[in-house]
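What TrEMBL says about this protein:
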TRANSMEM  102-121  transmembrane segment
TRANSMEM  165-183  transmembrane segment
TRANSMEM  204-224  transmembrane segment
DOMAIN    209-349  domain 'Peptidase S54 rhomboid'
TRANSMEM  244-262  transmembrane segment
TRANSMEM  298-317  transmembrane segment
TRANSMEM  329-347  transmembrane segment
Amino acid sequence: MAWRGWAHRGWGCGQAWAQPVGGRSCEDLTAALAPPRLLGRRFNFFIQQKCGFRKAPRKVEPRRSDTGTSGEAYKRSALIPPVEETVFYPSPYPIRTLVKPLFFTVGFTGCAFGSAAIWQYESLKSRVQSYFDGIKADWLDSIRPQKEGDFRKEINKWWNNLSDGQRTVTGIIAANVFVFCLWRVPSLQRTMIRYFTSNPASKVLCSPMLLSTFSHFSLFHMAANMYVLWSFSSSIVNILGQEQFMAVYLSAGVISNFVSYVCKVATGRYGPSLGASGAIMTVLAAVCTKIPEGRLAIIFLPMFTFTAGNALKAIIAMDTAGMVLGWKFFDHAAHLGGALFGIWYITYGHELIWKNREPLVKIWHEMRTNSPKKGGGSK
């Protein structure tokens, strides 16, 4: 190394020394001035190749997702996509990265419950007309000749046999299946990682907090989450109603991801998260809090049953331990945040939020009443 630097500084064997100087070329000068022990064939070849070239400056690589701020390797779960080629940029001021997600969480939650209140108002307003339309449709079906083996008829029969809760979550399950299929498209991998995985070290912070709620990379992960959602759909919709349930579910997905953001920033363990587990934990916690004496069982062990209250306590204890001990197979912070939000909402949030929606509904009613009808303007 010392000799290579001396030869470079002293003689600068580059393009300027390509022509012979004083009857001696650059190679002859190098051979004459070098110590005898360095004049081997391999060293001469090395000098000729490196002579006159500067070493390119080393690029500073940004921190990747599998390494935390403390330098500890992040063990990726089998439930999340491989992100070794994706570069994330942890902020030098990590607390500031939580400002935008906080405002997004508060704003989205307010919009979700406001939209649900308006949705319920419009549903109640059109219920009478729908009732008469339903009577007319039933009368037409009774006099209309029925087709045997009609596929559409079978679909309608299956749909009508579903409960209100199962009909409500069917759209959610369909959205999860659609996003799962998008993960299988190789050309969409970077886009899916950018917008459908939540990570406080990513450049996109807010929209993934909602979109990752509908995102699953593993088929087993999606199947397990959708099975639990389907199983508790009837109970939660009977408790909250269709409109309020949708507001709670969507808000729970964003809130649980924000809790995950806070935990990752506090511990320095940055890594992508995805899945509907946080929102489903809110549904599970709300039902278990409202019906603590209900009997539950594990999917693969139906012979063992336990009360819903005990199941909720065990889940909270496990996720708390996982968050404290740094278990990385699940996003335990998101699970715990979703469960605590479900307990809070069914205990206090329903009284504080949903029962105080009347002012918003009155404003919407006045806007609908005072709005000009179509074709009512002057010519």
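One-based numbering along the chain as shown.
Positions of Cβ are set from backbone N, Cα and C atoms, glycine also.
Remember, TrEMBL labels are computer predictions, not curated facts.
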For the domain 'Peptidase S54 rhomboid' (209-349), the number of residues DSSP places in helix, strand and coil: 104 helix, 12 strand, 25 coil
Contact call for the transmembrane segment (329-347) and the transmembrane segment (244-262): at least 3 Cβ pairs under 8 Å, seq gap 6+: yes
Contact set, same chain, for the transmembrane segment (298-317): CB under 8 Å, 6 or more residues outside the stretch: 224, 227, 281, 284-285, 287-289, 291-292, 335-336, 339-340, 343
